[in-house]
Amino acid sequence: MLELYGTTISSRLLLGTARYPSPAVLAEAIRRSETRIVTVSLRRETASGKTGGVFFEMIRDLGVRVLPNTAGCHSVSEAVLTAKMAREVFATNWIKLEVIGHHDTLQPDVFSLVEAARILTAEGFEVFPYTTDDLVVAEKLLEAGCKVLMPWCAPIGSAAGPLNLTALRTLRGHFPDVPLIVDAGIGRPSHAATVMELGYDAVLLNTAVAGASDPAAMAGAFARAVEAGHEAYHAGMLEPRDMAVPSTPVIGKAVFA
Ligand SMILES: CC(=O)[C@@H](O)[C@H](O)COP(=O)(O)O
C-alpha cells in the first residue's frame, strides 16, 4: 500500500483531470484506472465558469480523493494564494505545488518552488512538489518540509517518457524512505512500468490517458502497467549481462540408440 502524509492509498496511479473529450469520458477513465487520487487545477477548472460546479460534483461522486494543484502559477505569491483557495474549496491540506519557470518546457522554477513549499508547509499544508529530477533541489524540498517528492520524467504533455533514468535512479537511491511519484512526461504504459521498476512509489499522469483514442481503455492499461512495474521491482529483477547464459542447463551428452 502507498502511504502519503499518513494516508494509506490502494492505487499507485494518480490521474490528472484536464483535456478529456467529455466529463463522461473522464469519469469512465477514472473508474478504469482504479485510481484513488485525482489532481484538479482550481484555476483551470473554475475558469471554465458554468461547468466548474458540475465538474467538482462529478469528482466527488466518484469517491476519489482530490489533490488540488497550482497548475498555471508562475510565482511564489500566485502559487501560495492558489493553494489557500484550493484548501477552502476542497477542504484538504494536500496541495500539488507547481511553480512554472519556463514557457516552452513548462519546467518548474525550482527556486520559487522551494520558497513556496517552505511557506505552505509552515501554514499546515501537506505539499506534493512537482519538481525536476535534481538531487540538490530534492534535498531542499525535504528541508522545506515536503514529505513526498514528485520529479518529472519529461516535460508536461510531451509523452516522451523517462529521459534521464540515471537521475531518477539517483533520487530513489538517496531517499529510500521518501514516497517518490513520477509526475509528467509519461506517454505509454511501458514508461510507467519502467519508472515503477526503478522502485518509484507511484506515477501521476494526464495527457497520455486524456489524449488517447480511447481514454478509458488506456487508463486500464496504465493501471496494469503500474502494478506490473511495482511487483517486478519487489520480485527482484535480473541485472542485464553481456554474455549469454544457457537457459536450459545441459548435463552430459545426449545418447542416440
Ligand atoms: C495534471 C498535472 O497535474 C500535471 O502535472 C501534468 O499535466 C501531468 O503531466 P502529463 O500530462 O505529461 O502526464
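Every residue, even glycine, has its Cβ placed from backbone N, Cα and C.
Per TrEMBL, the features are:
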- 4-249: domain 'Thiazole synthase ThiG' (DOMAIN)
- K96: active site, schiff-base intermediate with DXP (ACT_SITE)
- G157, A184, G185, N206, T207: 1-deoxy-D-xylulose 5-phosphate binding site (BINDING)
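Feature map: TrEMBL annotations on the structure.
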| residue | record | Cβ neighbours (10 Å) |
| --- | --- | --- |
| K96 | active site, schiff-base intermediate with DXP | 26 |
| G157 | 1-deoxy-D-xylulose 5-phosphate binding site | 17 |
| A184 | 1-deoxy-D-xylulose 5-phosphate binding site | 26 |
| G185 | 1-deoxy-D-xylulose 5-phosphate binding site | 24 |
| N206 | 1-deoxy-D-xylulose 5-phosphate binding site | 22 |
| T207 | 1-deoxy-D-xylulose 5-phosphate binding site | 18 |
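Restricting the binding-site residues G157, A184, G185, N206, T207 to those with a CA within 10 Å of the CA of K96 (active site, schiff-base intermediate with DXP) leaves an empty set. DSSP assigns N206 (1-deoxy-D-xylulose 5-phosphate binding site) to coil in the three-state reduction, placing it in neither a helix nor a strand.
If you take every residue in the domain 'Thiazole synthase ThiG' (4-249) and average the pLDDT, you get 94. Residues G157, A184, G185, N206, T207 are listed as the 1-deoxy-D-xylulose 5-phosphate binders, and the farthest two of them sit 9 Å apart at their Cα atoms.
Other residues of the chain with a Cβ within 8 Å of the Cβ centroid of G157, A184, G185, N206, T207, the 1-deoxy-D-xylulose 5-phosphate site, are G16, A154, P155, I156, S158, A159, I186, L205, A208. In the three-state DSSP scheme, the residue listed as 'active site, schiff-base intermediate with DXP' falls into the strand class.
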